[in-house]
Structures are given as C-alpha cells and as structure tokens.
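J.: To start, I am sharing the structure in question, which I have written as structure tokens.
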Amino acid sequence: MAFLKWVLLIFTLHSFMPTPISSNLSLNKEALAQIPLNFLEFSKKPEIMDWMVNIRRKIYENRELGYEEFETSKLIRAELDLMGIPYKYPIAATGVVGYIGTGKPPFVALRADMDALAMEELVEWEHKSKVPGKMHACGHDAHVAMLLGAAKMLQHNQNDLQGTVVLIFQPAEEGGGGAKIMLDEGALDNVDAVFALHVTARVPIGMVASRPGPISAAMGFFEAVINGKGGHAAIPQHTVDPILAASNVIVSLQHLVSREADPLDSQVVSIAKFQGGGAFNVIPDSVTIGGTFRAFSKESFLQLRQRIEEVISKQASVQRCNATVIFDERSMYPVNSNNKELHEHFRKVAGEILGFENIIEMQPQMGGEDFAFFSESIPGLFFFLGMKETEGAVHSGHSPYFRVNEDVFPYGAALHASLATTYLLQNPTKHISPPEVSYRDEL
C-alpha cells in the first residue's frame with residue numbers, strides 16, 4: 001500500500017511550491033479523503049476479512065470475564081508478535097498496549113475492550129460458547145478483531161505514519177472500571193487523543209452514530225441495608241418494620257429526580273433490588289435494597305449521590321430503623337463526553353468511508369461506558385458502528401440472543417486505521433523535545 005507515501009509526497013511538495021493557500025488546501029483535502037477509501041478497500045480483501053472473523057470466533061468460543069481475559073490477551077499478543085508490533089503487558093492485569101509508528105509524538109490511541117458477560121448464551125450455532133455461564137453479549141470480541149485488523153493495516157504502513165498509534169486492548173469494561181486502572185498504570189501517557197467504537201444492532205450496517213459533547217451518562221451503583229426489629233406479622237406493634245421503612249425510602253428516592261432536579265438536566269434513580277424476609281407471617285430484621293443512579297454532569301452526579309445517602313438514612317430513621325449505605329466505587333463511571341474537534345474529525349473520516357448521509361447524530365444515552373475515564377483525561381471520541389441487518393429480529397447488547405454481524409468488520413477496521421492516520425497527519429507534534437517511547441515486551 002503506497003497511498004500514504006503518495007499523500008506525504010503531496011504534503012511535502014506543496015509546502016515548497018509557490019501556489020496559493022487555497023490550492024494547497026484543496027489538494028491536501030483530496031489526499032486525505034483518499035486514505036479512508038484505501039483502508040476500506042484493503043480491509044475488504046478476503047484474506048483480511050477471514051482473518052478478522054477467525055480471531056473473533058476464537059475469542060467468542062472462549063469468553064472470559066473482567067480481569068480474567070488471560071487467553072484473550074494471549075491471543076492478542078500472539079497476533080501482535082506475528083505482525084512485529086511491540087507492546088507492553090500486563091497493564092491492568094490482562095491489558096495489552098501496542099505501539100505502531102515512530103515511537104515519538106504525536107501519539108493517538110485506539111481502544112478495544114475485551115471482556116465478556118456472566119450470562120448463558122441462547123444462540124444455537126457452530127461457534128457457541130465453550131464456557132458455560134459466560135457470553136460475549138456486548139460485542140467486545142468483535143471490537144478486538146477490528147482493532148487487530150486496523151493494526152495489521154497500520155503496521156503495513158508504519159514507515160509512513162507521522163507519529164505513533166497506541167493500541168489499547170482493555171480488560172473489564174463491564175462494571176470493572178478497567179479503563180481507570182489502565183489510565184492509572186500509564187496506558188495513555190503522552191497520548192494526545194483517543195478513539196473507540198462500539199457495535200450496535202440498533203443502527204443499520206453501513207452507518208455510524210455519535211455526537212459532540214456527552215454521549216453516555218455518569219453512572220453508579222449503591223446498596224443499602226435497612227435494619228429494624230423482626231417479629232410475628234400478627235403483632236407488628238412489637239416490631240420495627242424494615243419493609244415499611246424500605247418502601248418509604250424507595251418512594252422518597254423518586255422525588256430526587258421529579259422534585260429536586262432541573263427538568264432539563266436528565267437524571268435517573270432506579271431501585272432494582274429488594275430483598276427481605278422469607279415467610280408470609282414474619283417481619284424480618286432487615287431489608288436490603290439496591291439500585292443505580294445516572295446523570296449527564298459531574299455536579300448533578302455528585303449531588304445525586306449525596307442526596308441518595310441522606311434520603312435513605314433519614315427516611316429509615318423516621319420509621320425507627322437505621323440504614324447503612326454502600327456505594328460501589330469501582331462501578332462509578334464519569335460522563336463520557338466527546339471532544340468537539342475530534343467529533344468533526346470523525347465526521348470527515350466516516351463521511352469519506354460511508355457517505356455523510358450515513359452519519360447519525362444521536363441523542364445522549366443513559367447507559368454507562370468506562371471509556372469515560374479516558375475522555376475525561378484527554379480528548380476522546382466514542383462512536384457506535386451499525387450492524388443491523390435488513391431482515392431478522394434485533395437483539396441489543398446484554399441479550400442472551402445477541403449476535404454480531406461480521407460483515408461490519410471492514411468498516412470498523414478501516415475507521416480505526418483512518419481516524420488514527422489522518423489525525424497524525426493533521427496534528428503534527430508541538431513538543432520541542434519529543435520524548436521517545438521505550439518498548440518492552442513483558443511475557
């Protein structure tokens with residue numbers, strides 16, 4: 001693939017030619033526009049497509065939960081070794097960070113999550129899970145395959161990259177906060193921008209969806225134990241009823257959104273767990289409730305957290321009970337917000353590959369995504385890659401019937417490679433003394 005050399009030649013020659021600036025920009029735009037199309041053509045080759053599909057199916061059959069992705073990580077490292085791509089391992093227990101290019105700034109990162117879900121697969125096909133009770137029901141196996149596909153194309157053009165592409169294979173997105181651990185362990189050191197995709201069965205294949213600003217909400221989980229005094233249900237005057245207290249708590253928690261939040265500031269408080277008692281005629285000593293809360297700003301999220309604890313404790317005391325509230329710190333994700341400049345870059349690249357009419361500006365969603373730790377730290381862009389087929393039932397992520405449309409792989413790989421390559425071309429380093437990255441394989 002010599003198209004990057006052609007692009008660089010145009011950039012170089014026109015920087016010295018006495019032509020008008022508008023002419024330079026026109027030629028440069030033409031050269032940049034060709035990069036995504038060439039990557040797409042390359043990724044559609046049968047040998048590349050079949051290779052990505054094979055990788056995805058291997059991961060699918062041997063799915064692993066968060067921080068347990070040892071075999072998945074081993075497969076990724078083996079493929080990187082075959083491509084001659086250096087990497088760091090382990091990061092966040094099972095994570096892998098690869099490097100392609102000069103080893104110098106600018107640095108741009110591409111991220112794929114690796115973990116499966118603890119659920120039983122109900123799809124009958126030849127590559128069904130070999131691990132009972134675990135399933136790739138969110139497409140992370142496809143994310144890994146597409147990022148490896150992009151890596152193969154980028155490595156083929158490594159000498160033409162105007163900086164360094166960082167490949168992030170991340171563990172434990174599903175509630176484990178793997179992105180936060182990778183961030184703490186230096187996965188994004190020196191990185192200027194980071195991109196990630198997520199497959200979705202809600203958008204037709206050949207289309208993508210994203211938006212500037214908040215794209216997914218800050219989220220957290222909490223659990224509360226409300227303690228009273230149990231006894232016979234026929235003589236409630238001798239008890240302190242924690243079920244009544246918990247019921248009042250749940251009703252009061254709904255007022256946090258309906259009466260305390262700005263109606264234009266979307267928030268959610270949902271109780272999805274209620275455990276207490278085991279007999280029809282016995283009031284229990286305690287009740288456990290649990291739920292989730294979401295918001296689209298850090299301020300609203302922290303306010304919700306504070307008020308949830310206050311409401312549970314004080315409403316319990318009104319009913320003569322006491323309560324202990326526990327927040328799951330590892331499951332706390334910040335708002336996932338897309339950088340406006342990176343979103344515009346994404347629109348241009350996706351428009352060249354798919355056509356601008358196939359880019360959807362979506363509404364923010366209340367689902368959480370730990371890529372938010374990355375986009376909170378440095379400029380980031382998260383987008384959804386459509387894979388909905390024209391016929392057949394649609395099963396969204398986290399369904400036991402979830403299936404990946406493998407025809408989407410060339411689009412995902414080409415988008416990854418194009419976003420990184422064109423970003424490096426358009427964002428030359430601003431460092432005076434660029435630091436070099438030292439690579440080390442830790443096997």
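Using the three backbone atoms N, Cα and C, a Cβ is placed for every residue, glycine included.
Below are the features I grabbed from TrEMBL:
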type	residues	note
BINDING	CYS138, HIS140, GLU174, HIS198, HIS398	Mn(2+) binding site
DOMAIN	222-316	domain 'Peptidase M20 dimerisation'
SIGNAL	1-23	signal peptide
J.: What number of additional C-beta atoms lies within 10 angstroms of the C-beta atom of CYS138 (Mn(2+) binding site)?
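T.: 22, counting other Cβ atoms within 10 Å of CYS138 (Mn(2+) binding site).
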J.: So how many other Cβ atoms are close to HIS198 (Mn(2+) binding site), meaning within 10 Å of its Cβ?
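T.: Result for HIS198 (Mn(2+) binding site): 23 neighbouring Cβ atoms inside 10 Å.
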J.: Quick one: mean pLDDT on the domain 'Peptidase M20 dimerisation' (222-316)?
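T.: Here the mean pLDDT over the domain 'Peptidase M20 dimerisation' (222-316) amounts to 97.
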J.: Would you pick out, from the binding-site residues HIS140, HIS398, the residue whose Cβ has the largest number of other Cβ atoms within 10 Å?
T.: HIS140
J.: What is the Cβ neighbour count of GLU174 (Mn(2+) binding site) at a 10 Å cut-off, with all protein chains included?
T.: 20
J.: May I have the list of same-chain residues other than CYS138, HIS140, GLU174, HIS198, HIS398 whose Cβ is within 8 Å of the Cβ centroid of the recorded Mn(2+) site, in sequence order?
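T.: The surrounding set, listed in chain order, is ASP113, ASP115, LEU117, HIS136, ALA137, GLY139, GLU173, GLY397.
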J.: Counting by DSSP, what is the helix, strand and coil composition of the domain 'Peptidase M20 dimerisation' (222-316)?
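T.: The domain 'Peptidase M20 dimerisation' (222-316) comes out at 41 helix, 31 strand, 23 coil.
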